[in-house]
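Engineer: Checked Swiss-Prot, it gives:
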- CYS68, CYS73, CYS79, SER308: [4Fe-4S] cluster 1 binding site (BINDING)
- 80-297: domain 'Radical SAM core' (DOMAIN)
- CYS94, CYS98, CYS101: [4Fe-4S] cluster 2 binding site (BINDING)
Amino acid sequence: MNRPERLQPGVKLRDADKVSRIPVKVVPSERDTMLRKPDWLRVKLPASNQRITEIKQALRKNGLHSVCEEASCPNLSECFNHGTATFMILGAICTRRCPFCDVAHGRPLKPDAEEPKKLAQTIKDMKLKYVVITSVDRDDLRDGGAQHFADCIREIRLLNPEIKIETLVPDFRGRIDKALDILAIEPPDVFNHNLETAPMHYRKARPGANYQWSLDLLKKFKERHPDIPTKSGLMMGLGESNEEIAQVLHDLRAHDVEMLTLGQYLQPSKFHLPVERYVSPAEFDELKDLAESIGFTHAACGPLVRSSYHADLQAQGKEVK
């Protein structure tokens, strides 16, 4: 059996090159076997792309990344047109290789020590009032990137004292207590960590992740910061049943998570995990009703919902679909 080639620093692996390195084989989808996308998932492009161009230029100017672009989010046009973006720190190369995700895999470069200041200035220039900061997984770092998150939060608040900051963090490779000790110095206004799918599908969809680690991360943060909302997101269409998702919702509530996002998985390319079903808006409404009935303070559930989609409105408890 041939060993995978040694990863070179800074080289992005995508699509077939990326998924070939995971333990579960993903067979490329043939066009005639792919499910037809229903009408409710058709995204209308805005008439003007000027605001989109401006935001992309602001990101490029300071060498920053948005998860909107790197993960091929279907809401990019809408969010950029409204002047919002989710910033992705610690580079654009992930040490994990989840076959549902379009972010590149590889051997990341050393974190940019100037990124926190560049990020803060960009946010000020864009006159943003609410930002989401996320990152790739950095299993190569002893703290999983926690210190870089804290540095970014500190610098953002120095230049933008009125801003609200939501962090969408990785699992820090199970180094939970160390990461939370660091984040306690500069906690966010909303703490988000996505479970992504039901535990039965972790080996297939999230190699390297651990369901209980993720739940423990959310619960331990809440124990330390009882007044800061905790949040998590899930995708549907990876082979899970509605009953499995319902159990995950109960698990989240048992770990004191208050906010939920639930959306449809969309296959980034034929080399990624296939969409096994398209969940109807009515089913999302049913799961939203369940979430609210078991105590979530806010649940954004719909085909195009993503964890940072209209995050400012989610944090205010407004309806998002």
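Just so it is clear, glycine is given a Cβ too, placed from its N, Cα and C backbone atoms.
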Engineer: Would you kindly give the Cα-Cα distance separating SER308 ([4Fe-4S] cluster 1 binding site) and CYS98 ([4Fe-4S] cluster 2 binding site), rounded to the nearest Å?
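Structural biologist: Counting only the Cα atoms, the answer is 19 Å.
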Engineer: For the C-alpha pair, I'd like the distance in angstrom between CYS101 ([4Fe-4S] cluster 2 binding site) and SER308 ([4Fe-4S] cluster 1 binding site), rounded off.
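Structural biologist: Cα to Cα, CYS101 ([4Fe-4S] cluster 2 binding site) and SER308 ([4Fe-4S] cluster 1 binding site) are separated by 15 Å.
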Engineer: Calculate the per-residue pLDDT averaged over the domain 'Radical SAM core' (80-297) and state the result as an integer.
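Structural biologist: Mean model confidence (pLDDT) across the domain 'Radical SAM core' (80-297) is 93.
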Engineer: Given the binding-site residues CYS94, CYS101, which one has the fewest other C-beta atoms within 10 angstroms of its C-beta?
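Structural biologist: Comparing Cβ neighbours within 10 Å for the binding-site residues CYS94, CYS101, CYS101 has the fewest.
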Engineer: What whole-number Å value do you get for the CA-CA distance of SER308 ([4Fe-4S] cluster 1 binding site) and CYS94 ([4Fe-4S] cluster 2 binding site)?
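Structural biologist: Here the two Cα atoms are 19 Å apart.
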Engineer: How many neighbouring Cβ atoms, not counting its own, are there within 10 Å of the Cβ of SER308 ([4Fe-4S] cluster 1 binding site)?
Structural biologist: 28
Engineer: Can you count the other CB atoms that lie within 10 A of the CB of CYS98 ([4Fe-4S] cluster 2 binding site)?
Structural biologist: 24
